[in-house]
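K.L.:
Please find one structure pasted underneath; my questions will follow.
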């Protein structure tokens, strides 16, 4: 297309998960339930870890922020996705698309590094229990979470600025259910080398360093547990990190599935299914993983349900 004939795109069309008309209402109902459970579960974790005095520890401080991130990640994607199941024209404005991409990147990067921080927290608790309250004190936890949010915001601004610095003309149909960087770059009518390099550099670097922290932490945790002589001691130590291990395995497994696919067999439909998992399904599962396998959370929920008014009064005090 000649440069003079290009028309700048002002909105994008999201193709969604499926273009079959008969599936729109069933999919709407399914994802409405998933989003409802995500809201209920993560808000429950946030409230419990805020009001219950026995959950005022570094582990539950990180868990509260994981719930905030999961809630944010789903809320950036799900409302627009649900609306698009019910309308004929699945349009999103240029600036709303940029905001959605930026919001998604903030929360996904924050989740990657928060899971790494939670793995390090479990490493210190099991491998250096006498130093735990010194190494993972409230001030350090607050600083660590603040740095994670600042870094994720910086990454999101950098990557989304690179993606939307490209020219989009003529084609505006995104083969996805939200504004993601890869399908957006595929639509650009200008040179995408710099933004593609930025996207894959940030993605690869973030995934690599966070996984190194997680793997090193759990390698040392497993060695420390194996050195415990009593089976009861091993079981108790292992139970403190089981929930996090499950959450990490599911989350990183999904991301690795996307990044390690051979380019010759790469499928956008497979990408969409993986994206559904880490943007909508995992945020719904995390509260279940941490509550069903965690006696402290179940006891806190029981105390809260017995006397919710007193719990909120204690939080205000």
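Going from the start of the chain as shown, residues are counted 1 onward.
Note that Cβ sites are derived from N, Cα and C of the backbone, with glycine treated the same way.
Automated prediction, rather than curation, is the source of TrEMBL annotations.
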K.L.:
Among 187-206, 207-226, where does TrEMBL put the label transmembrane segment?
P.N.:
207-226
K.L.:
At a Cβ cut-off of 8 Å, and with pairs 6 or more apart in sequence only, do we get at least 3 pairs between the transmembrane segment (25-49) and the transmembrane segment (238-261), yes or no?
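P.N.:
Since fewer than 3 Cβ pairs under 8 Å link them, the transmembrane segment (25-49) and the transmembrane segment (238-261) do not come into contact.
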K.L.:
Under 8 angstroms, Cβ to Cβ: which one of 92-118, 130-151, 273-292 has the largest number of such pairs with the transmembrane segment (61-86)?
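P.N.:
By the under-8 Å Cβ criterion, the transmembrane segment (61-86) pairs most with 92-118.
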K.L.:
Does the chain bring the transmembrane segment (130-151) near the transmembrane segment (273-292), so that three or more CB pairs sit under 8 Å (pairs 6 or more apart in sequence)?
P.N.:
no
K.L.:
Given a Cβ distance threshold of under 8 angstroms, which distant residues of the chain, six or more beyond its ends, lie next to the transmembrane segment (92-118)?
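P.N.:
That would be 9-14, 59, 62-63, 65-66, 69-70, 72-73, 76-77, 80, 144-145, 148-149, 151-153, 155-157, 159-160, 163-164, 168, 174, 178-181, 184, 202, 206-207, 209-211, 213-214, 217, 244, 247-248, 251-252, 255, 278-279.
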